[in-house]
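Q: Sharing a structure here in structure tokens format.
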Amino acid sequence: MAKYVGAHVSASGGVENAPKNAQAIGAKAFALFTKNQRQWKAKPLSKENIEKFNEHLECCGIEKKHILPHDSYLINLGHPEEEKRQKSLEAFLDEVRRCEQLGLDKLNFHPGSHLKKISEEECLDRIADAMNETLRQSSGVTLVIENTAGQGSNLGYKFEHLRYLIDKSIDKSRVGVCLDTAHMFAAGYDIRTKEAYDKTMQAFDEIVGFEYLKGMHINDSKAKFASRVDRHHSLGKGEIGLDAFRFIMNDPRLDDIPLILETIDDTIWDKEIELLYSFVE
């Protein structure tokens, strides 16, 4: 069984540092921001950034297909105001181009929020339009939609939202999904027992389909079940408990995709990675 576990590591000081940070915690996969995620604008990646990134990647033996870049949290492709949506779209395109430059084939993003100004469907249509515009203007990068906890006016908390965006897509070969365990749980999808896990994963397969699953975020949840609150926790310390992660590590449908920790204490990521691998039966 081939599981590729890692964490969302820092790219502080340059993207080329991310592979080294992943290697330091014993990761076989990783996520990163390819630019400062708190700013709209960022200076372009230099030739040196790109060359060193590739060099460091080779040294640490992590394959590009096991890297899941994440876009900036500022981006809202479903923004109700056209000017702000346009700003988000331009920033999103820039993120996709950065992935292209680094030879990375995925970009993970949160779908968007209606800010209580438009309906959920209108918001989903805006997100779908932005995705299609991005697909038209780029190549080689799969847009990976993350499920959300449904906090505030964030969409993506139902599997049906993810399916809707896939259905509206002009190129389904370049769209995928990332499942975040904490978000699933907070949105009302239980994974705490084998029975609950199987039921949730069956629903995911029927509504979205495992062929679209391009990665997972492995998090426990501080927030209660179905609370629609997005609060991550260290594995086994939250409301989900360790069994769910044991089910994940032994589920062959989750082979060969990046399984990324975004748990709250980065000083124990190496231990959490070890723990997850120890679950493999």
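One-based numbering along the chain as shown.
Every residue gets a Cβ built from N, Cα and C, even glycine.
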Q: Check Swiss-Prot for me: it has H110, E146 binding Zn(2+) 1, so pick out which one of H70, H79 it puts in that same site.
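A: Record check against Swiss-Prot: Zn(2+) 1 site with H110, E146, extra candidate from H70, H79 is H70.
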Q: Taking each of H70, H110, E146, E262 in turn, which of these binding-site residues have a Cα lying within 10 angstroms of the Cα of H232 (Zn(2+) 3 binding site)?
A: E262
Q: Round to a whole number and give the Cα-to-Cα distance in Å for the pair D180 (Zn(2+) 2 binding site) and E146 (Zn(2+) 1 binding site).
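A: Distance (Cα to Cα, whole Å): 7 Å.
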Q: Can you name the residues of this chain that are 6 or more positions from H110 (Zn(2+) 1 binding site) yet have a C-beta less than 8 Å from its C-beta?
A: Y73, I75, E146, T148, N154, G156
Q: What other residues of this chain sit with their CB within 8 A of the center of the CB atoms of H183, D230, H232, the recorded Zn(2+) 3 site?
A: T148, A149, Q151, D180, A182, A186, N219, S221, A223, R231, E262
Q: Taking the centroid of the Cβ atoms of E146, D180, H217, E262 (Zn(2+) 2 site), which other same-chain residues have Cβ within 8 Å of it?
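A: These residues sit around the Zn(2+) 2 site: N108, N147, C178, L179, T181, A182, H183, M216, N219, I260.
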Q: Using the Cβ centroid of H70, H110, E146 as the reference point for the Zn(2+) 1 site, which residues of the same chain not in that list have Cβ within 8 Å?
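A: My list of surrounding residues reads D71, N108, F109, V144, I145, C178, D180.
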